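Asks: Below you will find the structure I want to go over with you.
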Amino acid sequence: MEPILEMIKTLTGINSPSGDTEEAIQFVEKYAKDLGYQTTLTNKGALLITVPGKNDEVQRCITAHVDTLGAMVKEIKEDGRLAIELIGGFTYNAIEGEYCQIKTDAGQIYTGTICLHETSVHVYRNNHEIPRDQKHMEIRIDEVTTSEEDTKSLGISVGNFVSFDPRTVITSSGFIKSRHLDDKASVAMILQLLKKLKEEQIILPHTTQFYISNNEEIGYGANASIDSKIKEYIALDMGALGDGQASDEYTVSICAKDASGPYHKQLKSHLVNLCKINNIPYKVDIYPYYGSDASAALHAGADIRHGLFGAGIESSHAMERTHIDSIKATEKLLYAYCLSPIE
């Protein structure tokens, strides 16, 4: 298995729903420190990795987020099952039938399945008509519990975090299918780049801050702790696929506009030119219902040129999939961009 695929599989295997990302951040921090990089933890729990460059006065920032979709225990029901509140922007349909883990405040992990209360077709004839919502969806815990008191005795309480089984599979045809490729595929690419820069003793033209954010899925990830020397800011995040979209699973997707508005014209053109010069397969696209850490930084008042590119991810915020060709194209653009001068 290629190192980038091994890294993606490792990262998707670390539970990190928004609000409970310490384990994933610690993994990335140790990886960067072991390579010899300087790291800083922000008050919000995000991680900054500094790579010194020839020009320290004009810097760039590249961010990817380690936080994922998830849920919280909303209610312990009379029969001992759990109602949940979703973390991030997705629907209950996307997690119906999914295995999950409940993490208590003491750190104890319990497994379960997210299911429709009226799942059994042998009992509920018209269950296909029942809405998949908080009222009807619940967690069936893999413990002997038949009452609210039984479940509470396990240490489970309202506010406990719930993580979804990523079910990461890498096929012989080159597909990577898993939950949370958004955005752990991008984090994996950054870690592989950091290793390459160190092993090959490559000096970047500009000091670069690699910003591993931990609140992107809830809208305010890498929007603070942005050095005043940073002129360009790239969000390395997924391309959105679907009807009317240009993006696919085999090229790098460069965003021209999302729900926040257009991305910086000059920076977008620079990314496109890098693809043309380096023969990197790419698509320029618009994501209608999308926001990124780059747009969050602008909303927070950062004076930056902002850009966004990443691997094309099919079925985003559900059972996602991409192809190794898209990963490789994104890696090539990331490397070319880091080596390019800021004009």
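Backbone N, Cα and C define each Cβ position, glycine as well.
Those TrEMBL annotations? Automatic predictions, nothing curated.
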Asks: Pick from Asp165, Asp182, Asp258, Asp285: which one does TrEMBL list with Glu217, His317 for the same Zn(2+) 2 site?
Replies: Asp182
Asks: Just jot down the residues in the same chain as Glu216 (active site, proton acceptor), at least 6 apart in sequence, with C-beta under 8 A of its C-beta; none if empty.
Replies: Ser18, His65, Asp67, Asp183, Ala222, Asp237, Ser292, Asp293, Ala296
Asks: Expressed to the nearest Å, what is the distance separating Asp182 (Zn(2+) 1 binding site) and His317 (Zn(2+) 2 binding site) at their Cα atoms?
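Replies: That separation, Cα to Cα, works out to 7 Å.
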Asks: Report the same-chain neighbours of His317 (Zn(2+) 2 binding site): residues 6+ apart in sequence with Cβ closer than 8 Å to its Cβ, ordered by sequence.
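Replies: Listed in sequence order, they are Leu69, Gly88, Gly89, Phe90, Ala94, Asp182.
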Asks: Fewest other Cβ atoms within 10 Å: which of the binding-site residues Asp182, Glu217, Asp237 wins that one? Let me know.
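Replies: Checked Asp182, Glu217, Asp237; of these binding-site residues, fewest Cβ neighbours within 10 Å: Glu217.
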Asks: Count the other Cβ atoms sitting within 10 Å of the Cβ of His65 (Zn(2+) 1 binding site), across every protein chain shown.
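Replies: If we count other Cβ atoms within 10 Å of His65 (Zn(2+) 1 binding site), we arrive at 29.
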